[in-house]
Amino acid sequence: FDFCQAEGKKRPSENLGQVLFGERIEPSPYRFTFNKKETCKTVCTKTYDTTKPEDKQKLDFLKKSMLLNYQHHWIVDNMPVTWCYDVEDGQRFCNPGFPIGCYITEDGRPKDACVINSEFHEKDTFYIFNHVDIKIYYHVVENEALGARLVAAKLEPKSYKHTHPDNPDCSGVPMDISNKASGEVKIAYTYSVTFHEEKNIRWASRWDYILESMPHTHIQWFSIMNSLVIVLFLSGMVAMIMLRTLHKDIARYNQMDSTEDAQEEFGWKLVHGDIFRPPRKGMLLSVFLGSGTQILIMTFVTLFFACLGFLSPANRGALMTCAVVLWVLLGTPAGYVAARFYKSFGGEKWKTNVLLTSFLCPGIVFADFFIMNLILWGEGSSAAIPFGTLVAILALWFCISVPLTFIGAYFGFKKNAIEHPVRTNQIPRQIPEQSFYTKPLPGIIMGGILPFGCIFIQLFFILNSIWSHQMYYMFGFLFLVFIILVITCSEATILLCYFHLCAEDYHWQWRSFLTSGFTAVYFLIYAIHYFFSKLQITGTASTILYFGYTMIMVLIFFLFTG
């Protein structure tokens, strides 16, 4: 964008999480001195001559960004500078950004932020917010000799057509840029800053006013209750099956002392000779189980830390950094789990198993990520990840994660295979004709619905915080939902597994993985719905990026739920 640039100031450094999320912090040309009031100070003046093609291109880019409601995000002392305005029901909403400008349509309808001022009324015209009134609130520290601390920064965007750009007075008509304007367009950027003492806000709780203005906490309790009802219902079902049915079955089996009774077995007892038959594609299943364990532990630890408040929005990028580092360090459980299961499936090719565990799922994620990065790089986006960071991530993966996976696999293969309580028959038994709901596909599709029902309300907020740059801070809720999701996934799987074992279908390994793993497919469908209903994303590159990143999330979620 062609705004005022800060001359010769160094860019602040970002951590890994910020780089991965594409957050870049640039130095600003707006200068403040503490407690020194500024009124209508010039930053710079930009002149566009529409007859020159490069100037016209810059101006068209500005217009397009105003049409799409692009936002400035400013930070002072690690606090977002917010724009607070009244919304319905007398509530104040504090937006951590403010728009570049706004547009009045050809039939005179104000779009987005143009409703704030009745002077914005020219048809088919853009109004640029070229002046900001910044208010900085500080809290004087009494007992120490520290002076004062900044507790809030708020601004009001204004639009003024400065008649004398070199000597601005910040009054008069708004700065309009007609859509059909030709000739020379001059935009002078100015600012005013005032300092106010605020005795009531402590420095430690200075984020609260932003978070309080975010609506939605009441929806959260509703969603938690909704999820808990599902969990109670499922737990009741599982308990009933475990206690009543299994108890009855086992009592009946114990009564059979005469041999002719034993011939008339039924239900799940019939498949005892086939239940531990190794699954088809056991290699792939063990690799998925290893990667899934890695992701499960990573999510648990990350959310646990987030609940304790280590990863608040104030530490930018901390969440992502924490997740990546944990994922790298958790190679050992992945290797161990994959090796144990592969060995108990009677697998021999342990080298292939270790290599697939270290490279298959991470490789898919990295390849997807790399392609997305190439697209960003081709578009010249600031969110493209520098080459150095890519090398650093590869180094983390190859030099830390892979050796740890090998160590885990070594211990997994050294242990004896998991002992099965019954022997497997030589000849596999025939599987009888299945009814509709014990067939593999309907069972798997039904299994994904319940876990998805627990999470979809949270999913809306998470997708908002990723794509609409809203802050996500409800980690307590998220941790609860995470625990509920884990319980629901396991209970739904146990239930459906019991049903199809009773129908004498003994292929349970893949089905139990896919039953809850199918939640990821519902997640994908929801993400597609979100894309079309909530986001106004135009352009091929942006669409490919959205779905590319969504596929990464879906794969991780699939391994995690499975």
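Glycine is treated like the rest: Cβ placed from N, Cα and C.
Just so you know, TrEMBL annotations are computer predictions that nobody has curated.
In TrEMBL this protein carries:
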{"type": "TRANSMEM", "residues": "221-243", "note": "transmembrane segment"}
{"type": "TRANSMEM", "residues": "284-311", "note": "transmembrane segment"}
{"type": "TRANSMEM", "residues": "317-342", "note": "transmembrane segment"}
{"type": "TRANSMEM", "residues": "354-377", "note": "transmembrane segment"}
{"type": "TRANSMEM", "residues": "383-413", "note": "transmembrane segment"}
{"type": "TRANSMEM", "residues": "444-467", "note": "transmembrane segment"}
{"type": "TRANSMEM", "residues": "473-501", "note": "transmembrane segment"}
{"type": "TRANSMEM", "residues": "513-532", "note": "transmembrane segment"}
{"type": "TRANSMEM", "residues": "544-561", "note": "transmembrane segment"}
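Ranked by Cβ pairs under 8 Å to the transmembrane segment (513-532), the stretches 284-311, 383-413, 444-467, 473-501, 544-561 are led by 444-467. With a threshold of 8 Å between CB atoms, the same-chain residues lying at least 6 positions outside the transmembrane segment (383-413) that come near it are 16, 19-20, 22, 24, 290, 324-325, 327-340, 343, 350, 353-354, 357-359, 362, 366, 370, 373, 376-377. Beyond the ends of the transmembrane segment (444-467), by six or more residues, the same chain brings 216, 219-220, 222-223, 226-227, 230-231, 234, 437, 474, 477-478, 481, 484-485, 488-489, 492-493, 496, 511, 514-523, 526-527, 530, 534-535, 546, 549, 561 to within a C-beta distance below 8 angstroms of the stretch. Residues 318-319, 322-323, 326-327, 330-331, 333-339, 341-342, 345, 347, 353, 356-357, 360-362, 405, 475-476, 478-479, 482, 486, 509-510, 513, 556, 559-560, 562 of the same chain lie 6+ residues outside the transmembrane segment (284-311) yet bring a C-beta within less than 8 angstroms of a C-beta in it.
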